[in-house]
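Take a look at the structure set out below.
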């Protein structure tokens, strides 16, 4: 019987095989016998079975590449942080304003900001160049609104702190709240000049705001750096890892356990072998009288070293290389490049790509993310007649018609697009006075501020809708030109007329309307009102002949997802106005409940209104939003919209982007509150003595079938999730329990409350997830993050958050993956995101193409990597049964070193980078292919153990077929080429060919690069092997290269080549057969598409869902979006916003265009 030399044999007798000039192998004693002291290259000679470089070289390579990659990532982030920290502003130092960097700004500094500057910290506004130290700011970074807000300094600081010298000597003391994340709240007191002055949010400029329409503003820094409100809302930066990362780590732990078990089993085998054979074989005596158990203990560590390649050191660096390449593919994707703003897609992290293929929930902001935040006047209804369709001046409809030419209007802005020529004809002809009256109302009833720059009119509105309406009136010939404290000037078809403003009845969220009372040049008093149809219709005069026609028009506009607004007016008698004005003046100066008093007075005058018509504004969606949402829904991805906007606006956008349809049953906060309360009661009733033994009952909240959506506000969210803040007095009372019993009861009560809160939150998530769509409106940045966290916690689902403003940063950081849109709201969201691009529509390509491909590639890579390592390493295990379990390796040391680095690395890397089962067009056409990632079908423990089993079987074939072939072998020269080194070469050659051909079978997308890498790796193996087995390199490094002449000796034998071919065939043919059967009998969805890919090449065009309008059937109404806060009415009325240096208005024109009015008999 033949035997192979063991490590024990080699250590005791120091024999080795050498190639002789006669090409015949024989054994001879080595020139210098090995002694324990001579093995200095081994760390621990007793257990070292491999050369030091076999593990150290791959390890250093792995650590080096990983360190370089992390360094590049850190440098990129540091560079961006440095760019922001090094922004400059002016700070008072040594009595003068000097330029300083943001990072050097400290609390207490007085700073000067100029127009279009970003605010670097939370500051108290001290003074500005505007009248009464007003300061206009854009808060897009904070709340997503691009309309301007105003802030106003204290009267005392406005009066005394205008000059540089007075600002330098300012010695006020501020006492205020601690740093917090409440953007709309601030409480503080300024102590200065022996007087205290209350401070609120209207006097604070928050970091992230932009100074607009204000030349200079001065402020005192209250919070800086991480204490600012926007930074408090940003949340903690979380280290994000993919689901596959966690799974991969657990699998490595499993492999490590298997390694220990195998090593322990083989060590026991060696101890037994020593006791039975080794101690009784005189020729194996090594001069040491160690016991078999001690030798077994040493061999345990020896096998840990030999089998350490089961634990894949190079796996992590290979994964990083693949992720880096996939990130560059995202960056280079021209179909995600937005040419208008020269903005490419950007993968800002390289560690999350495959997670893009596993998303269950997408949480999206609305303003600037789904919409362009651009309001466009689309249609209107005047006197029961709808305008805005494609019609010529003769009222004939045309599918293709040129847009209206507004060149006749000197004030037209040149950007306004309208296609109904008949409306222009009506305005110019004056046949219907109501048409002119309609646009006059739009030009006069608002709180817009106007500026002239370079001869152009620039409007600044409190809401984008209001700006769109005033701009529309301007283009139709009714242009708002100027205003003072009590007058407003309008150009009416080229004729300027000035009206006295008697009162402005401003909007608030309860009134949902605004009115203005003006006196015409002829002396008539008239009230003009605009507002939501629900409140206007309640206040109309009973004799309104066009009421039903306007109602029908509103339904049509609603079905087209347009935002509507009703317009009406009223003639007021002089006596009636005088009486009302007394009440109005009294309410305006009321010291208690002023707002309620004003609302009551407003109600008295806003009645018996005459309806003029309605406007329809489009909150323009970004291109491709409905298509993207439709495709993501088909991929079983649920979309939740989280916005700070009002409920009606958010609902309207839901319909516009087809997240909601007419068939959708909408549930509101008050509806689900009762459902959740009932569920909690049922759970409490079931929670008796035997509750812990009963399985949890998963009852649906809604009956099966039907399409439901949930729309909930931030206040309802707090109430439902039990997030209401406890009153401070209650906290103080609960602070100090008196007795141990009281402390115990209090602890139990706290635990019960926590358990109740947790159960309530879980129930809410379960209910919300039963809905096809969820819209959360009026939510704060913190609430956005909380909703994302709840779904992560209770659904264990992979989440993605997408937004474009600083108010989305917390949500972006909380989700598994954050996507920033580089839109109109600054770069704060982009800087905190993992991926960024310019348009929401690119999300479908990011997920359905790049995400799915990355997931499939990574799963294939991991399955193959584990397989090839098991196949390689477990040959040592089978070899142990024939070498006395002596930890002798089955391969040459240099082959072990280079196997994962050179011989099998390139093909698997290229598969992980380039492979694709179907093309990008087909991936988008069939979103259902995405579900394999959501369900973890391609890489899990089952797949891992299949790879393990495959590797075990392959290693058995690789070892036992050459072993059987070598048992009774005679070469062409009559000698037996069955020595240890020839056997090692045979197994290694069969292994390299098998694993490289195996990856060829796993490759779905063949390119020249893939083919070259597979055959190139095999050729590289032969080239390096023949070089390492040459006599020349052995002469130079005799101790490192001991397989001299083995390759040329062994591979010249046809018998060995036949053995290699047989081994490879037995390894691969079963795989080919199984693949063929599975694709024929149980084909996957991608298999079917691959089979018919030529027929499916033409991409299917997405078609928008057709709206079916049913008269009077619409139960919803598109809503006009007023500002989130009050308008500019109080500023206008008080005159604080009017510049003192403004030139006086022209004399009132007595002879002008006839007054456009309509009288209705009571």
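Glycine too: its Cβ is placed from the backbone N, Cα and C atoms.
Here the structure is a predicted model, which means the values were calculated and not measured.
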Please find, within the list 920-939, 980-999, 1080-1099, 1100-1119, the residue stretch that TrEMBL describes as transmembrane segment.
-> 980-999
Can you dig out which of the ranges 202-225, 226-249, 250-273 TrEMBL describes as transmembrane segment?
-> 250-273
To which of the residue ranges 894-914, 1125-1145 does TrEMBL assign the term transmembrane segment?
-> 894-914
TrEMBL lists transmembrane segment for one of the ranges 300-319, 320-339, 340-359; which is that range?
-> 300-319
Long-range neighbours of the transmembrane segment (250-273), counting only residues six or more past its ends (CB under 8 A) | 292-293, 295-297, 299-301, 303-304, 307-308, 310-312, 315, 866, 877, 880-881, 884-887, 941, 944
Which has the fewest other Cβ atoms within 10 Å: 365, 804, 808, the recorded positions listed?
-> 365
Do the transmembrane segment (1011-1035) and the transmembrane segment (894-914) come close, with at least three CB pairs under 8 A (pairs 6 or more apart in sequence)?
-> yes
Top stretch by Cβ pairs under 8 Å to the transmembrane segment (300-319) (candidates 861-882, 894-914, 944-968, 980-999, 1055-1078) is 861-882
For the transmembrane segment (944-968), what are the same-chain contacts with Cβ under 8 Å, counting residues 6+ beyond its ends?
-> 2, 251, 254, 863-864, 866-875, 877-879, 882, 890, 977-978, 982-983, 986-987, 990-991, 994, 1055-1056, 1059, 1062-1063, 1066-1067, 1071
Within 10 angstroms of residue 804 (Mg(2+) binding site), Cα basis - recorded positions out of 365, 367, 507, 644 = 365, 367
Give the residue counts of the domain 'P-type ATPase A' (85-149) per reduced DSSP state, in the order helix, strand, coil.
-> 11 helix, 32 strand, 22 coil
Confidence over the domain 'P-type ATPase C-terminal' (830-1084), expressed as mean pLDDT on the 0 to 100 scale, is 88
Please work out which residue of 644, 778, 807 has the most C-beta neighbours within 10 angstroms of its C-beta, and give that one of the binding-site residues.
-> 807
Looking only at Cβ atoms, how many others are within 10 Å of the one on residue 367 (ATP binding site)?
-> 29
Around the Cβ of residue 563 (ATP binding site), the count of other Cβ atoms that are within 10 Å | 25
